[in-house]
Amino acid sequence: MADIAIAPRRAKTEIREASAWDQLKHNRNWLGFWFMVPALAFLIFFLAYPLGLGIWLSFTDTRIGRVGQYVGTENYEWLWDDAIFWLSVFNTLLYTFVASAIKFGIGLYLALLLNENMPFKAMLRALVLIPFIVPTVLSALAFWWIFDSQFSIISWSLKQMGLITENINFLGDTTWARICVIFANIWRGVPFVAITLLAGLQTVQPSLYEAATLDGASRWQMFRFITYPLLTPIIAVVMTFSVLFTFTDFQLIWAMTRGGPVNATHLMATLSYQRAIIAGQLGEGAAISSAMIPFLLAAIMVSWFGLQRRKWQQGENND
Amino acid sequence: MTDLPTSRIDLKAVLHSSAPTIAKDDHSEGMSYLQSVPRRLVTLYLPLSIIVIVLLFPFYWMGLTAIKPDEQLLDLDKYNPFWTWNPTFKHFYKLLFESHYPMWLWNTMYVAVCATILSIIASVLAAYAIVRLRYKGANMVGGLIFLAYLVPPSILFIPLATVVFQYGLFDSPMALILTYPTILIPFSTWLLMGYFKTIPFELEECALIDGASRWQILIKIVLPLAIPGLISAFIFCFTLCWNEFIYALTFLQSTSNKTVPVAIVNEFVDGDIYRWGSLMAGALAGSLPLVILYAFFVEHYVSAMTGAVKE
């Protein structure tokens, strides 16, 4: 036994310098780098590079099947005078603004309702989220059928009730088409807003409400001075995501109207698809999608300030 | 309206004091006893049921249309449109045996599973490195990955189309398998970072002292503890893949390669004769796998959705 214990000490090798290979294997920074390689490879080759390439393409006259030449800001100048482009910008802003505002209102309301105690609570929450699970295109097809010009169930019901005499041309009339796509977008977005806000609501201490009740606060006051302030940070994040995804929406419009009637529902994303892929003008399409970037940056800034505010709030609470 | 029913409070208080054990055990009731039943009916159940009905009606309509015979679909006067007494599975039969639908379903599944697995592997490694290896600049890389989450596919699809073409991936499922991870990795990395942070650091220290390598720690200690997070990430990524439309629409051309959402929009709508029955049957069959998956993993799904937003 003693021999065994002593033997290694006698045969002790001098501590060798860490070879370059050891460094690659054990150094924290190198190890971190190896672990990051797969994710970074994807994000660099298929996200960062295309993002840069997209901006470059917007300064060229590339078409499908032809390498483009640098043409400066010609695409943007062309778009500047293009009434359809400005219409699509207007549509996008209208769509984003109206849909996000209503999604927020209904989503918050639904979250407050779901936060109450009631039978079958878990099942109701699960049901509410279904519109968010089902692929957008497929539910958009259901809306397409619901808003059909001849066989719409809504027109039929309203006619039976005697409110209208003629079928409403839902997706053929410019105003109605806008209302319909906004409605479909709200329908799809509300569950996301509601369920994430509900998660926020559940972190609010019930004792705060009990204290407020003892102080004689009304339900509105409880919402305004307890729920809303505590929910602000999560509202900021949720609404940033909501605005971002509404602004860049493509599939709902494409499945329901393809931008029609007379471009009344063309968003910037659908217009860029039409110009770039269908018409083959890659450069022009890239210019349209690059024009979305400033708006997106603005949305991200808002999110960032929302997060800052959360830190500030937490700091105050820790005092 | 806002006055408190004081007599009710007194009564309840008395009841509670006489049966303290029940009150202690049941925290679920909260303050809801302060509201009367009729009032709850108007302020809670009525609006809630309206919202839920509106949210679920399109699915009812989808299902009903899919099983209605054709003549009932287009004749709203003779038959009550809200119900049918003689359901038919003709539309489903046509879908499954007379169209490419099973193949599209297979394509969608194949692409979704491959892209999800690739992204989960990449995200596990990245999230572990950011949270636990904390190499130089880890926080900055974490921030950049979050920013990548905010880059939407609608501004990437044009340049990506040219990239996909250059790499010779156009019109092959590989185009989707390699591009979907750009949507999935940022999301699942953030989700898994949250999960890894909750695993006690001491466990890893013990393993390090016992001579485990970082790789062994990840495989044998961290991953088994993060299984709920992995399931959440997997399900959410899978749903996102299934739902993805614009890349699949742009990068795929031949009918046999298409995924369900793209194929339904492009192949089932021929001219002006809308085949509503089979269209709705296709939409229903395309949604069903996700809904079933969701039904089994509701909790994971919700934690994925809220986890990514909270971080």
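Cβ coordinates are placed from backbone N, Cα and C, and glycine is handled just like the others.
Just so it is clear, the model here is predicted, and its values are computed rather than measured.
Pulled from TrEMBL, these are the features on record:
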- B:105-297: domain 'ABC transmembrane type-1' (DOMAIN)
- B:41-61: transmembrane segment (TRANSMEM)
- B:109-131: transmembrane segment (TRANSMEM)
- B:143-169: transmembrane segment (TRANSMEM)
- B:175-196: transmembrane segment (TRANSMEM)
- B:217-242: transmembrane segment (TRANSMEM)
- B:276-297: transmembrane segment (TRANSMEM)
- Item | In contact by Cβ distance (the transmembrane segment (B:109-131), the transmembrane segment (B:217-242); 3 or more pairs under 8 Å) | yes
- By Cβ distance under 8 Å, which residues at least 6 away from the ends of the transmembrane segment (B:175-196) in the same chain are close to it? 111-112, 114-116, 118-120, 122-124, 126-128, 130-132, 142, 145-146, 148-149, 153, 156, 160, 164, 169, 222, 226, 228-230, 232-233, 236-237, 240-241, 244, 247-248, 251-252, 259, 304, 307-308, 310-311
- Under an 8 Å Cβ to Cβ limit, what residues of the same chain, 6 or more beyond the ends of the transmembrane segment (B:41-61), are close to it? 35, 280, 287
- Intrachain residues whose Cβ lies under 8 Å of the transmembrane segment (B:143-169), provided they are six or more past its termini: 126, 130, 175, 178-179, 182-183, 185-187, 189-190, 244, 246-247, 250-251
